[in-house]
Amino acid sequence: MRTPCSQHRRDRPSAIGSQLPDADTLDTRQPPLQEIPISSFADKTFTAPAQIRNFCIIAHIDHGKSTLADRMLQLTGVVDERSMRAQYLDRMDIERERGITIKAQNVRLPWRVDKTDYVLHLIDTPGHVDFTYEVSRALEACEGAVLLVDAAQGIEAQTLANLYLALDRDLHIIPVLNKIDLPAADPDRYAAEMAHIIGCEPAEVLRVSGKTGEGVSDLLDEVVRQVPPPQGDAEAPTRAMIFDSVYDIYRGVVTYVRVVDGKISPRERIMMMSTGATHELLEVGIVSPEPKPCEGLGVGEVGYLITGVKDVRQSKVGDTVTSLSRARGAAAEALTGYREPKPMVYSGLYPVDGSDYPNLRDALDKLQLNDAALTYEPETSVALGFGFRCGFLGLLHMEITRERLEREFGLDLISTSPNVVYRVHKDDGTEIRVTNPSDWPEGKIRTVYEPVVKTTIIAPSEFIGTIMELCQSRRGELGGMDYLSPERVELRYTMPLGEIIFDFFDALKSRTRGYASLDYEEAGEQEAALVKVDILLQGEAVDAFSAIVHKDTAYAYGNKMTTKLKELIPRQQFEVPVQAAIGSKIIARENIRAIRKDVLSKCYGGDITRKRKLLEKQKEGKKRMKTIGRVEVPQEAFVAALSTDAAGDKGKK
């Protein structure tokens, strides 16, 4: 081994020395003052509540929430340039591909105002109508909300819905216009629109660009000044609200909480107040923006808990966590104000390969922890075999759940057409709840009740006529109309939920050239003249194709489905009738023509009686085949007939 001589050793700088810049060359301007001392300040927990600000960003889908959150992460120094990526907080592949936020994410940010260090907890929320429950749970953990509006598009229906959710919880609202760098931006006009709705002055509306970062530091300053600090009693028994929970393959259930009273430390025994289940805390930590273990969480702080529990039903969103280890004991009463999310749409999910049924059950178990609103129960279909009847918040929720099952768990699935929940009163006085057309009672039905929703549509005023026509064709009743500005109008309708869960949104977008936005909320139920339409193949009902539709549109639905199945089902050796029926009454019919083998091909000339004999023999065979033959519906036909597009045709109920 060669060793360099002492002269060479002296001349060569040490590895440590090479890292240190010369005092003369040190650039004192970079990095900014904001970054160095504070990140270490934010990593310490048990921060005084007066120095904490909990806030969320609420906006319509695609108004730039995640991009603004990216700029905040960079500006506060918690993510460096090298590890930065677009939509940093959107962790799922589906979120990144579709450019939407599905899960609410939280992150702890350091910030300094007037030489005082603060900790900001930012909760990035989804904007789509299906994920309103994610927004409501994020709002429970905050004292303030940044209301973000696209300076080129203005206020949309979803913005209003989330704003009302925030006002219900008495959150302080900071109005902000985003995308002011766009050539099409009109900030003055939309600032006046926001001021009109919130009740502030147009000058108070902040203007930022999530893309360039312009105005973001001013926004963070305003969050510190305007959002009230969290209130809570540090000496009271521990109470923390679960606002999200995820399943980690290696660590089990990771529960995200906001501490309201007391404090939480590792190695304590905690209790979930709704179930009474107790666990030992293995780890307590903060998200900044990657998870970091810490000594514990104090009043007003947001972080995560790991108990090592693998059962996905042990950590319910909206539940209250309390500590059993402290001298003060467990809390006497749970936190209030959270509603369990209720499924609005039901659909059957079946594995294409029947042997995947146990895998589908395990996959749904794991997804349910991430997704508090997903419900499911086993069901059997004659046509599709074993599967699950799943409850979803809406059609996008259903599509994304199915896509996650297929992508994350490698399953191949068929989903049946979506249904809402109907209440059916029979003549004998009994009442049943129907989420599946195959549960529809046969015989005398006195009344049927269907869920209705209050729908808000915001669109340019030139499209009023076409929107009204669409809503009336879907049995909607106009509740009111307001002009937000001379160019934009808000329409309020009461509509059956069954009419809007299929293709209403697509039809609305196509009729308004994509300018309309939609929001809906539950509004009870109403009596309706509904019937069950069965699709019969060879005289036998195929349960997967049955649907509950309004009496006036049953004939159109029957026609549409029989025509579609005639194209999708391959021809058999015998003629197959495809019929649509209400009870025993046939309302539509198509025939799938038989494939005919040429039995005369071997007869070259000869007597006609020979040919007739062969044809009669073929006819007898076809007749016998028709009585004993079964129609095999290929998997592709089920997929095509039950796809969302096909369901969209059914939406004309």
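For all residues, glycine too, the Cβ spot is worked out from N, Cα and C.
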**Report entry** region 'Disordered' per Swiss-Prot - which of 1-30, 211-240
**Finding:** 1-30
Query raised in the report: Among the binding-site residues S66, N178, whose Cβ has the fewest other Cβ atoms within 10 Å?
Result: S66
Requested in this report: Based on DSSP, name the secondary structure state of S66 (GTP binding site): helix, strand or coil.
Outcome: helix
Requested in this report: Average the pLDDT scores across the domain 'tr-type G' (50-231) and report the rounded value.
Outcome: 77
Report summary line: I180 (GTP binding site) has its Cβ surrounded, within 10 angstroms, by a count of other Cβ atoms equal to 22
**Report entry** Annotated GTP contacts D62, H63, G64, K65, S66, T67, N178, K179, I180, D181, maximal Cα-Cα distance (Å, integer)
**Finding:** 17
Report summary line: Among the binding-site residues D62, G64, the one whose Cβ has the most other Cβ atoms within 10 Å is G64
